[in-house]
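A.B. asks: Let me give you the structure first, and then I'll get to my questions.
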Amino acid sequence: MSLYHEAAAILTSPSTHGGSLKSRIYGSKDLKSPPAQLYALAFESSKWSAILKEVVENSQLLQQERKLTPALSILLVHDLLLAKKGIALPASHGLRVGVEKHKARLQSEFVRARLRRKCPTVEVLKATVDAELGPAHPRWIRVNTLKSTVDEQLDTTLKGFEMVRSVQEVMASGPTGKKVICLDGHVPNLIAASPGVDFTKTEAYMSGAIILQDKASCFPAYLLDPRPEDGDIIDACSAPGNKTTHLAGILHERGFAPGQSILAFEKDKHRAKTLDRMVKTAGSDKVTVIHPGADFLQTDPSSPEFQRVGALLLDPSCSGSGIVGRDDTPEFHLPSSATTPSSSSSSKQPNHTKKRKRAPSSSSPSPTPTPNPTQTLPPPIDDSGNENHPTSPQTLHARLTALASFQLSILLHALAFPAAHKVTYSTCSVHTVENEGVVVSALRSDVARRGGWRVLSREEQVRGLREWPVRGDVVACCGEGGGDGFWEEVAGACVRAERGDGRGVMGFFVVCFVREGGRGSSGGGGGGGGGVVDDSGDGPFVRDAEGRIVRDANGIPTLKSTGRKVVDLEGEDEALEVRFGDKGGSDGDGPFERDGEGRIVRGPDGMPRLKIGATRQQGEEDGDISDDEWGGFEDY
């Protein structure tokens, strides 16, 4: 089967079979044509098909070449008129001969189609066709700080690119062919590059120094704001690993605490292999523990394995309605095989409006479909990247309701981890039922109320997301009546990204939950009520230039507010006495309880548990520091 027959078969088969165009082509093992060539032909022909449909119909090509099908005619005429090398078939091939003998008429009709659109040149027509596809999506590049820096990439991979000031300028560069970049103003180490530039063949991409990741997809790890004092961090639904490696990159810049790990869960064993490759390529395998085939929902939060988990990132399965695929295929317009040329080709066509219209036949153009609200958004996409087309609004509603129930169960499970003090929840969905609806249900749950969980307010968030303008849906949080200040605040704490709004991002949603008075709740951007209020966004303790908490030889941090040690073991006034009983320190491993692996056991509030007989006494006059200002001795 030729290149053209394979492309025609793919473009005319139901889109529900196998997902997106790229996944259907690259995932097929039965195709003989090179996938890249096949994809380029299918995509470009679809993009031009509305114009080529007119050309084929007005030239009456199908009436004169009976062996041609409507799909083949579009593909062959595209290459004849627009491909640099023409039709990719031997000169004597029947399909090529059959089309090329009508070349003069086809070129004439193509010129007429261009002039009808008031385009003086083919280049202007090309720009018009590209513009009809909507704003070009930039190529978002996250510099992997585990292996490189922004400056290094500017001097190597991006050398020769022009620096511009805004993402809008980057998006506008697509049709011009210029290579421009813009340093993102919201997410650190993120760069927007001109649409269409292929970075997958670069050394930086293949070595893991740069990672192609949509800007909105970078929000969860950035909002979670992982720090050394957070302990272990869970990525509950990890594959393919972009967010997992982003967490590692952020922590690498701040310095991993001794023994601190990222625990990556992936239920699907096949996707877990992808995750493993991604983690190794990015260079985060030494700090990432992958749980292949492990279902996060089946974990026991109280297990000793998770007693040091202080932060969790949740990005569960969703409808995928916000995904912007750069390979989103334009509609493939098929010409009619009827003998009457298109009415747009000539103003001299007779007017048949008074005649009774016949029922459309299988070969005549389809009537304009009635708008369907379920078609205003891309269909839901499952974990394998396959589209799941709803057959009715009721089906879509049922699917979204089921997804929201699953997403809520994962969120509530994460909130049950005893030492956790911050959790991000995100989806690549635009539906409020999966986003604000889940947040509201979680906040009203007994799990959140008993645990003291709330959302991290906009004012407390890291600078880039605090300044991000697109927030949550107020109606979805407050109801139609609105007017509830608390729920309006919740909506403001939610971060949304809207595709097609000129900011060059996919549709996305993320929110951060923090525990009131929990361990570390004052750190990481002020993530908690209660405890020390710190407006600087990096917690109550003094930090060094790299953002790490400064500790003395005993591991004790210093409060910024007072300049004093949290616990002064060497104070001259001896106002504080720390005394441990015989049973507390005689075994040589300190006064606190430890698990089988020697790690300190902590309570739900993050405080270490004293061994039986070990006591801590403090003079009553030393009342300057409250318990929730000190997170206890860290296990490093």
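Each residue, glycine too, has its Cβ placed from N, Cα and C.
Just lifted these from TrEMBL, have a look:
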type: ACT_SITE; residues: CYS428; note: active site, nucleophile
type: BINDING; residues: CYS237, SER238, ALA239, PRO240, GLY241, ASN242, LYS243, GLU266, ASP315; note: S-adenosyl-L-methionine binding site
type: COMPBIAS; residues: 335-347; note: compositional bias 'Low complexity'
type: COMPBIAS; residues: 366-381; note: compositional bias 'Pro residues'
type: COMPBIAS; residues: 520-532; note: compositional bias 'Gly residues'
type: COMPBIAS; residues: 579-602; note: compositional bias 'Basic and acidic residues'
type: COMPBIAS; residues: 620-636; note: compositional bias 'Acidic residues'
type: DOMAIN; residues: 129-516; note: domain 'SAM-dependent MTase RsmB/NOP-type'
type: REGION; residues: 321-393; note: region 'Disordered'
type: REGION; residues: 520-540; note: region 'Disordered'
type: REGION; residues: 579-636; note: region 'Disordered'
A.B. asks: Rounded to an integer, what is the Cα-Cα distance in Å between CYS237 (S-adenosyl-L-methionine binding site) and the residue listed as 'active site, nucleophile'?
C.D. replies: 13
A.B. asks: Give me the sequence-ordered set of same-chain residues, not including CYS237, SER238, ALA239, PRO240, GLY241, ASN242, LYS243, GLU266, ASP315, with a C-beta within 8 angstroms of the centroid of the S-adenosyl-L-methionine site's C-beta atoms.
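C.D. replies: Here the nearby residues are ASP235, THR244, ALA264, ARG271, LEU275, MET278.
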A.B. asks: Could you measure between GLY241 (S-adenosyl-L-methionine binding site) and CYS428 (active site, nucleophile) for me? Cα positions, answer in whole angstrom.
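C.D. replies: Cα to Cα, GLY241 (S-adenosyl-L-methionine binding site) and CYS428 (active site, nucleophile) are separated by 15 Å.
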A.B. asks: Around ASP315 (S-adenosyl-L-methionine binding site), how many other CB atoms lie within 10 A of its CB?
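C.D. replies: 24, counting other Cβ atoms within 10 Å of ASP315 (S-adenosyl-L-methionine binding site).
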A.B. asks: Give the number of CB atoms, excluding that of GLY241 (S-adenosyl-L-methionine binding site) itself, located within 10 Å of its CB.
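C.D. replies: Looking across every protein chain shown, the total is 27.
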A.B. asks: Tell me the Cβ contacts of CYS428 (active site, nucleophile) under 8 Å, same chain only and six or more apart in sequence, or just say none.
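C.D. replies: In sequence order, the residues whose Cβ lies under 8 Å from that of CYS428 (active site, nucleophile) (at least 6 apart) are ALA216, SER217, CYS318, GLY320, SER321, GLY322, ILE323, MET506, GLY507, PHE508, PHE509.
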A.B. asks: Can you work out the mean pLDDT of the predicted model over the domain 'SAM-dependent MTase RsmB/NOP-type' (129-516)?
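C.D. replies: Within the domain 'SAM-dependent MTase RsmB/NOP-type' (129-516), the model's average pLDDT equals 86.
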A.B. asks: What is the biggest Cα to Cα gap, in Å, among CYS237, SER238, ALA239, PRO240, GLY241, ASN242, LYS243, GLU266, ASP315, the residues listed as binding S-adenosyl-L-methionine?
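C.D. replies: Max Cα-Cα spread across the S-adenosyl-L-methionine binders: 13 Å.
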